[in-house]
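Down below is the structure, laid out as structure tokens.
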């Protein structure tokens, strides 16, 4: 188990600067912070990749199981937060970027009371909530009415599952959403993401949920 109480890190390293001789997992070499251990709990982390609009540049990558991030700041431009493994929880935290800046392959991630801030045109993820009396969120007019888009012209959406629930604000209307999205009739419970016994897990701080 790893406990981090306070840490501030920043770097400026994009994938285009990774040596051409490295052909596997090139994006990992850009990460300001790369975590591979399991059972990690982090408070007050400030981590940034300040490479800017020059391509992929990870601020933080969570590449193990059972992560809890509390009152943390993740700032970057493209690929800010790479939530690759899970389950994991991000609570009362700030995440900013513009291109695909919250992403991952295998994680089940729960975002609780987070500010997910787009600093330019691009794609962002939406945050979940454990309290079923307030499971929705405010979507401003920066949200494209289509809601979602294909990645790099890939039209294979047969197994895509993009859903939203009871959002509000200027960007919340669903009548122009793409065909491969939809609306839920009830919120996804936190137990579906973190497991039935999440409240007893060391890496979960229930004071933040």
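Each residue, glycine too, has its Cβ placed from N, Cα and C.
These numbers come from a predicted model, not from an experiment.
Straight from TrEMBL, the features:
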type: ACT_SITE; residues: 100; note: active site
type: DOMAIN; residues: 29-130; note: domain 'Pectinesterase catalytic'
type: DOMAIN; residues: 138-183; note: domain 'Pectinesterase catalytic'
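According to DSSP, the domain 'Pectinesterase catalytic' (138-183) comprises 0 helix, 8 strand, 38 coil. In terms of DSSP secondary structure, the domain 'Pectinesterase catalytic' (29-130) contains 2 helix, 45 strand, 55 coil. Just so you know, the Cβ of residue 100 (active site) picks up 16 other Cβ atoms within 10 Å once every protein chain is counted.
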